[in-house]
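Enquirer: The following block contains the structure, expressed as structure tokens.
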Amino acid sequence: MAKNNSIPNTELDESSNGRCSSLRRLPKSWIICGIIFYCASLLTVGLLAGLLPRRTQYITIIETQTSTTTTQDPTECIEDECNSRLLSDLNVNNYELEYVYHDLKQTTMEGQVTIDFNLRKPIKQLIYHAKEMIQLEEPVLFENGMQHSILIKKYLPHDYISLRLLNNSLFPMNRYTLIQKFVINLNNPSIGFYQSFFKDKNQANGTLLATKFRATEARRVFPCFDEPHLKARFNIHIIHPQNTIALANFPIINQTIENNLRHTTFAETFRMSTYVVSWSILPDTYGKFSDNDNSPMVTIWARPELTEKNHTTLALDIASNAIPFYKNYFNVTEAIPPKKDILAIYDMATTAMESSGLISFREERIVYDEKIATTLQKQQFADIVAHEIGHSWFGNYVTCKWWNDLWFSEVMVSWLCRKTFAEKYSDWNMELQILTDDTIPIMWNDAKPYTHPIIVENAVSVPQILSYLDGLTYSKGISLMRMLEKIVGAENFRHNLQEYLKLNAFNVADLNLFYDTLLSNRTNGKEFMKSWLNEMNYPLVNIDLNIENNSTKLTFTQSRFILSDIFNISHLNKDYRWKINLECILGGNHNSDSDIIDIGNDQINFILDDEQKIQIISDKSYSWIKCNRDFQSFHVTKYSFSSQRFTSVFEAQPTFFSNEDKINLIQDTFLLAYKGLIDYHESLRIIKSLGKLNMTEYVHWKTFQYHWDILADLIDYLPDTLTKFQNFAIQQILSNDVTLENILTLHLNDNHNTKLVKSLQFALLCRMNHRGAIENASLLFQSIPKEYFNNDNVDIKQEFFIDVVLNLCLCF
């Protein structure tokens, strides 16, 4: 997000000469008095504020007999200022925040903060954050009620305000109160406390105010100790126009009206990090839709035309369903605030902000109109809402120590939120779709030599760290959380999460301790996770199965998997070894050449942490082994035997292998074939075998489509192969009595999976240039002007638009 350094204040834009001329305009008597006071060390602050270098912010000084200021260069650090992290030797108890906002047209706002904190040991400098404020008055500091004489300095590169005692002695261990007034800018685009603009149903302009503090933008809005581990309670008081509504993290406890202004006071919050504090000011005409039957009460705030048309119903339903699930799953109820407001902001720059008790969303991500939204979009809307609700436990209740652990809260919630749909929306199969939404696409991207690990050790600054919180980190991280649960079991995983939350309630957590505890019965948790988090790419496990002396000899070898040998991999560590949890099942009989006997009798479970390990199963002659059970691990497996061993089992016992195992086999064979390690016949054999069984699961089709689309981009330029390639996919779709008419006809009793499959199959038919599909798409394309906003086949229409435009382009 771009930083806005413009500050609409003429006093900041004056040149040095302008400031000197303003001093020359002062009465001589004032200057004489000032010199006298300076000599007496009484009013140094007042005189030198105008002499600070141009890069400092304008400071209005409160005249006191106990304070002074310094004039050191704000771009040069002294001692602790040079450290980009605040000292950890303090506890922040409470923030009292008050803001005054007179009307919706003003672009600035006055505020005051009172910070109550304790020092745990004596320190020379007291440092806190403030950034790009229009006006920042001198702070007043009290130690147990006694006001201190202080020296004040700013260090701009770290957004620091540095305080020292006048006599340069140490601040003793004690309780302190810091009070500071300020004026902030509301014109920052979607960061800090900012203005958001929208149009109502009559096209009239509307304005609301909202906050977005993650990661380090709270300091734009109030002076604070702006690091995630320095949690505190917050008391918020907002004075705002009578025709507006104020919201914050916790409920309103008092409201009065004076001089046409509302004075709104909110209940004290529980301990929170500065980045999850939130408040908002809305027009009193803003729409409101509440669920009064549950505790806490959930309220959706959106433009009135959206609430009136029930376009926020899905968001309310998902939130009201997710909260009791999380409460029960974690066995922790105190993490959720007494109420939950969900605010739709038309022009919000990011998807959402999970501030405790007041969650902000970009409007388009939670407003659902079943007439124009597809089934896939419906579950995406639902996933986002459930994800942000989950941050009440991971992120707000228990917080990362520093931003390099932020990924953990994000990916853990991304994994757990899928569980919220299991009961009420069981046919969505959201947990299973993690594989097709995240694992499969990111394994393709992460198999290249210039990706990055989840934890980048040389990323130190907050912008550097957050730049790596990208799609790869999310999707690979989600896959690793799923892997952890599969290794230890769902109930054990849940129990350890409950203990993790209780141990770190309203505090910060040590992730290594969590890993060690979770995997204590298997391995060293810290080292196990380090092997996955601190290295890019993932392993290839080669498995050689040989029969020797009527026993099965298995040789497991790991190496780094890179998609193509044409890449330059000289910078990669060729000797790197992951700690791979291998769970395998064996079957078949090599001597009788049967693959469907003795299946499931023997299993292997161990951690492969060396380059190679050998295991022997005595007196058994198995014909196949299937590892990476239920696609639990983030690696590719290559077997020394043909995939025909597996397809024999598919067709003889269709339910023996799980859906996850079938996805895993499709994924592995396509990746290995792309690299040239096996023939594509192995991949096609898997697909044809599943097709014989009337492949109806969306996740199977999605895995096939993902890889087929990649190949289509290449084969489009191979005319001799293209027709055969297209016909293979068309034959897989239009088999088992499935017709184009069946696909295009959506029935009232079609479940979620069926709708997704039909949409995908139609998209793939169009991609494969099936004449009937293209003709239907072209005909329906003509109906867009008058039919777009009805609810006729919305899952198919999206593909119509894409493929008609594509084929029209090909005609010219």
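Note that Cβ sites are derived from N, Cα and C of the backbone, with glycine treated the same way.
Because TrEMBL annotations are produced automatically, they should be read as predictions rather than curated entries.
Because the structure is a prediction, the values reported are computed rather than measured.
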Enquirer: According to TrEMBL, HIS387, HIS391 bind Zn(2+); identify which of GLU364, GLU410 is listed for that same site.
Expert: GLU410
Enquirer: For HIS387 (Zn(2+) binding site), what is the secondary structure state per DSSP, taken as helix, strand or coil?
Expert: helix
Enquirer: Beyond the listed site residues HIS387, HIS391, GLU410, identify every same-chain residue whose Cβ lies within 8 Å of the center of their Cβ atoms for the Zn(2+) site.
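Expert: Sorted by sequence, the hits are GLU354, GLU388, GLY390, PHE394, GLY395, SER409, MET412, VAL413, SER414, CYS417.
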Enquirer: Between HIS387 (Zn(2+) binding site) and TYR474 (site 'Transition state stabilizer'), how far is it from one CA atom to the other, in Å?
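Expert: If we compare the Cα positions of HIS387 (Zn(2+) binding site) and TYR474 (site 'Transition state stabilizer'), the gap is 12 Å.
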Enquirer: Around the C-beta of GLU388 (active site, proton acceptor), how many further C-beta atoms are within 10 angstroms, looking at every protein chain?
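Expert: For GLU388 (active site, proton acceptor), the count of other Cβ atoms within 10 Å is 25.
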Enquirer: Could you state the whole-number distance in Å separating the C-alpha atoms of TYR474 (site 'Transition state stabilizer') and GLU410 (Zn(2+) binding site)?
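Expert: Counting only the Cα atoms, the answer is 7 Å.
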Enquirer: Including all protein chains shown, what's the count of other C-beta atoms within 10 A of the C-beta of HIS391 (Zn(2+) binding site)?
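Expert: Summing over all protein chains shown, HIS391 (Zn(2+) binding site) has 23 other Cβ atoms within 10 Å.
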Enquirer: For GLU410 (Zn(2+) binding site), which residues of its chain lie six or more apart in sequence with Cβ-Cβ distance below 8 Å?
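Expert: The answer is GLY395, LEU469, THR473, TYR474, GLY477.
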